[in-house]
Amino acid sequence: MSCIMAATGGLMFGYDVGVSGIPIIYNSFMNPFSTYQWINGGVTSMPAFLEKFFPVVARKTQDPTLNNSNYCKYDNQGLQLFTSSLYLAGLTATFFASYTTRTLGRRPTMLIAGLFFIAGVVLNAAAQDLAMLIVGRILLGCGVGFANQAVPLFLSEIAPTRIRGALNILFQLNVTIGILFANLINYGTAKIKGGWGWRLSLGLAGVPAVLLTVGALLVSETPNSLIERGRLDEGKAVLRKIRGTDKIEPEFLELVEASRIAKEVKHPFRNLLKRKNRPPLVISIALQIFQQCTGINAIMFYAPVLFNTVGFGSDASLYSAVITGAAFLSMLCHFKFGIFLFFSGWVAVMSVFVFFLVPETKNVPIEEMTDKVWAQHWLWKRFVEEDGDVEMEGRVGVNGKGNGSNGVDYSS
């Protein structure tokens, strides 16, 4: 239940991404002189929304003489600021969220994220001018930054080792579900007479925001966080509660030792660049790049254009966009079908990278990654061994005693 509630942070993020959308219009595939029609699901594609906040863009989209490069009609600084402010604010907020996550805990950070989300939703739904709209969007971005920092960490720490990956993926699953809900809701609210449908779309983001806030109040803090902050007795009690057994001494001692080692790191970012941390650093950066280069974001955001160009009608294009779920437009224009060859090439490279350089971590506690994963890998072991930093001493065995070469007994 804790993991499900925490994963609603992903639902909130996905909905905020999907609800804004990317404005797209098209003319008939068979008749280039037909009337332009809206086919994308975001509020930025709703005429009433554009007329209120971006009248210049609204006039351009309704001008049938501007039929070259339809997407240039949306080249507006205010509109770009609206869509990008969430991500810029999220990036900035992440640095503050890392501090609160470490000093206050995962649970309070998720609560802060929920409060940011609620405040942003209220401002956006009630927006009367562009400034109010963008401030609300910035608050939503702050919520994204805090949620993205705390929720995945919370899920990783509170989940049992054997199902950690399955529960952690709930966050990403909820992101895509949030995008799906946003597309479906936008499709319905766009048909509301009176031009206020965009307010309903933005206001309904308050549902996952409230779920996240209430969930943050109900869930337990992670034992890792409590131990990091010196609250050992509370950490042990929570660990016993979430594991459902009294036999938690070995895991508890591992957490205590891992916390001790972590506190010895004086400069986290400088430490991240050390040779011994090269394996997780390289893998984490590479997987983020591969995730973008597989093309899934491109397909999700511009699916309406893609399906329409192959002959689907406007409604069918929208339905297909809802099924597949950004911001590759220029590449599609220049590469045409070759864009998929580009993506497939990246998928092939990613497959080779994963096969040879990404080890299996199933059933491996986070605290034992160095010993049981990196030190056993054919390539990565060179980085952790040659640096002389493999933390073998002081590791805790299944009997609750230290199994390192220094012979220290940590069971007490």
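Using N, Cα and C of the backbone, Cβ positions are placed for all residues, glycine too.
Looking at 78-97, 318-337, the stretch flagged in TrEMBL as transmembrane segment turns out to be 78-97. Below 8 angstroms of C-beta separation, residues 6, 9, 12, 16, 53, 93, 97, 100-101, 133, 135-147, 149-151, 154, 199-200, 202-203, 205-206, 208-210, 212-217, 219 of the same chain, each at least six residues beyond the ends of the transmembrane segment (109-127), sit close to that stretch. Per-residue pLDDT, averaged along the domain 'Major facilitator superfamily (MFS) profile' (2-412), amounts to 76 for this model. Distant neighbours of the transmembrane segment (167-185): 3-4, 6-19, 21, 41-42, 151-152, 155-156, 159, 200-201, 204, 208, 300, 321-322, 325; these residues of the same chain sit at least 6 beyond its ends, with a Cβ under 8 Å from one of its Cβ atoms.
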